[in-house]
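According to TrEMBL, the features are:
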- 18-101: repeat 'Solcar' (REPEAT)
- 108-192: repeat 'Solcar' (REPEAT)
- 204-294: repeat 'Solcar' (REPEAT)
């Protein structure tokens, strides 16, 4: 541990009075808590989106509980556990670093928040995409894989490493607008809520972060559902009856989805997706801000 990032001890703190590594820890905790808490809802979304045809949240939930029991809702959680922490550590630390750089002294600059969010998602998606592929395949009904290790090994042997990144372009193109909307909405909503309750300026309350996060998560999730459908189809192709695509082009997959299920197919899973991201964002931002507050108080007490 002595040799890990020796520059940390000499680099100046950011606008929040925290060091880069502290943003990473706060983000890692927030991401892990968010995904572990909301994982069953994510499983429902994956089941609905992966295979053509119509399926409601109630039908998907009933099928899982009847055939697999409650444990079926947590299939693949190990993969998410391995990926969520590191990915969110990258996500939030890059965001804070870029926000300080792009804001040019104005930390209420919504454009800077949006651009910083895009930079953050490009970096974090490179970390999370392989584990997201594994997670989604393990979530499928009658998944042929025995666990995370078996899934990774078989993908590498049977399909090559490219299969783990087949959806990376789609993921970035989905998460870039998602994150831009999310961060800009979050920062704007947080400012608005603090203006309504100015007494919380120095001690931002949990409800402010939770409400702003939920608003940002639900809006961003609804707007980017079509690309999430494409991502799921690419990650699960050829497994458990899912279609296999001759091209990973977003336009090609979108066309196949529309041909098979109509334009309504592009919004498959939007209800569980919103139900996932609204509370997930509230949990994530609340945990993240609480972790930051802990580090700030620690600095204060040490000084």
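Our numbering is plain: 1 for the first residue shown, then up by one each step along the chain.
A Cβ is built for glycine as well, from the same backbone N, Cα and C atoms used for every other residue.
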Open item on the list: Suppose you look only at the repeat 'Solcar' (108-192); what would the mean pLDDT be?
Closed with: 89
Open item on the list: Summarise the repeat 'Solcar' (108-192) as counts of helix, strand and coil residues per DSSP.
Closed with: 71 helix, 0 strand, 14 coil
